[in-house]
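A.B. asks: Okay, these came from TrEMBL:
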type	residues	note
BINDING	12-17, 59-62, 97-106, D132	FMN binding site
BINDING	R316, R348, A349, F350, S351, G382, L383, C384, S385	FAD binding site
BINDING	T426, S481, R482, K487, V488, Y489, V490, Q491	NADP(+) binding site
DOMAIN	6-154	domain 'Flavodoxin-like'
DOMAIN	172-413	domain 'FAD-binding FR-type'
Amino acid sequence: MPSPGLLVLFGSQTGTAQDVSERLGREARRRRLDCRVQALDSYSVVNLINETLVIFVCATTGQGDPPDNMKNFWRFIFRKNLPPTSLCQMDFAVLGLGDSSYAKFNFVAKKLHRRLLQLGGRALLPMCLGDDQHELGLPSKFTLHFLPVAPRVCSEGQRMAGTEPQGPPSEQQPFLAPMVTNRRVTGPSHFQDVRLMEFDITGSGLSFAAGDVVLIQPENTASHTQRFCQVLGLDPDQNFTLLPREPGVPCPARLPQPCSVRHLVSHYLDIASVPRRSFFELLACLSPHELEREKLLHFSSPQGQEELYSYCNRPRRTILEVLCDFPHTAGAIPADYLLDLIPPIRPRAFSIASSLLAHPSRLQILVAVVQYQTRLKEPRRGLCSSWLASLDPGQGPVQVPLWVRPGGLTFPQTPGTPVIMVGPGTGVAPFRAAVQERVAQGQSGNVLFFGCRLRDQDFYWEAEWMELEGRGCLTLFTAFSREQERKVYVQHRLRELGPLVWELLDRQATPSACQQTCQKP
């Protein structure tokens, strides 16, 4: 008898829900069950009425918000005009991925489960709620057809330039923005390297307002790419075409066809990420080496989770470093399994730190370069921030793939409404965009509380704030935590200036009117 087809739909922000969904897909196929795995927003939701067996895997972000790649689905499924029998043919299950330390634990999964029942769906089992606080996931999805003769492979820039834009820049079609400046803005003796970066977005079609974010697609370093190819015995200059094993499965839009191994590793495979448990599970299946396979199976078992955490998660050991620790297994990994084994590099979001009204055709961000030490010899480095910091437009043209999306901050449009902004450290970036935008629009009542360690080391945009304050466009309060014996933070300033803050919140008075009762420290 033909088996029913299973559809696994996921909403994922950081990749965990996608990882779990792919694991469910592998388990289903191992049991000879036809299975499709898709992100919720890439699935045509109008076809849901025809589905008979669906598993929804949903993360919850922020304060009970759905992930970015299921927001369109979320809006559709909660339309009030949907008939209560819309999904009467569907059997479903919902798996929520959340964190019980948050107030709205697994809010998205709970709300979705109720809505599917309201639309006539039948729950196969009670809703399953995963908790990140708990101590305690086979055929390849694609085949790589290697080409005997190396064809001409387009670079990322050539590929994007030769494609007609189908709308504003997006993850599928980012804008390759020329980097104009990459300047360190912390003092030379400061412990952290923070950069102000500016991009030219002329002709991009990008539009943004204060509070919006820019997403940037980073790359792996050349040395890591080379090391990965050596460990796996791959020729970085060999070219291939990617073919899905099952009909209807699209190839990753970010990979050109044909593609080089070097491009796959440097631009797509997240070899610098910390592997999940499912990575060790699949790696054990692929291992021909008895001792290494035994260790990998232990890491993927419930009994081995404490040791896995100590080996991998606590020191932040990367996929590349794990593969180097299991050389016999790494050298035997079939290339077809690379996309099942290693997740794609995800874009990183940065608050936009400038306004188009103040800097037309420009986009600025403030980036703290992530670097820290664990018990491993090699320092841990943030993939995107380190890659961006390494770019030097003074040595030649540099292009960065980026696009924008609305952020979580919104600012009042009503003239005269004061705004209190609290932005310690690099968290001041979106408020700089807001101040620039509001000043350009003639808006008054801009109150900024800024905090950092030392005035002469990490007081970002000091001159700009002073100039705006001198013009009466900004009221600035500062907290320099390390300049006195007792550490002073922005919350101390807020407490000291309680009367001013209350006047602004309660009466919406202008800062100048309220400061008669408050002395600025």
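Positions of Cβ are set from backbone N, Cα and C atoms, glycine also.
Please treat TrEMBL annotations as automatic predictions, because they have not gone through curation.
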A.B. asks: Starting from the Cβ of A349 (FAD binding site), draw a 10 Å sphere and report how many other Cβ atoms land inside it.
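C.D. replies: Other Cβ atoms within 10 Å of A349 (FAD binding site): 14.
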A.B. asks: Can you tell which of G15, G62 has the least company, meaning the fewest other C-beta atoms within 10 angstroms of its C-beta, among these binding-site residues?
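C.D. replies: The binding-site residues G15, G62 were compared, and G62 has the fewest Cβ atoms within 10 Å.
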A.B. asks: What's the CA-CA gap between Y489 (NADP(+) binding site) and A59 (FMN binding site) in angstrom, rounded?
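C.D. replies: Counting only the Cα atoms, the answer is 33 Å.
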A.B. asks: Using S351 (FAD binding site) as the reference point, find which of the binding-site residues G62, D99, F105, S481 has the shortest Cα-to-Cα distance to it.
C.D. replies: G62
A.B. asks: For the domain 'Flavodoxin-like' (6-154), report the average pLDDT of the model, please.
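C.D. replies: Here the mean pLDDT over the domain 'Flavodoxin-like' (6-154) amounts to 89.
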A.B. asks: Rounded to the nearest Å, what's the C-alpha distance separating D99 (FMN binding site) and R316 (FAD binding site)? Just drop the number here, would you?
C.D. replies: 20
A.B. asks: Per DSSP, what is the helix/strand/coil residue tally across the domain 'Flavodoxin-like' (6-154)?
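C.D. replies: The counts are 46 helix, 39 strand, 64 coil.
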A.B. asks: Just to verify: the residue among Y102, F105, Y489 with the fewest other Cβ atoms within 10 Å, which of the binding-site residues is it?
C.D. replies: Y489
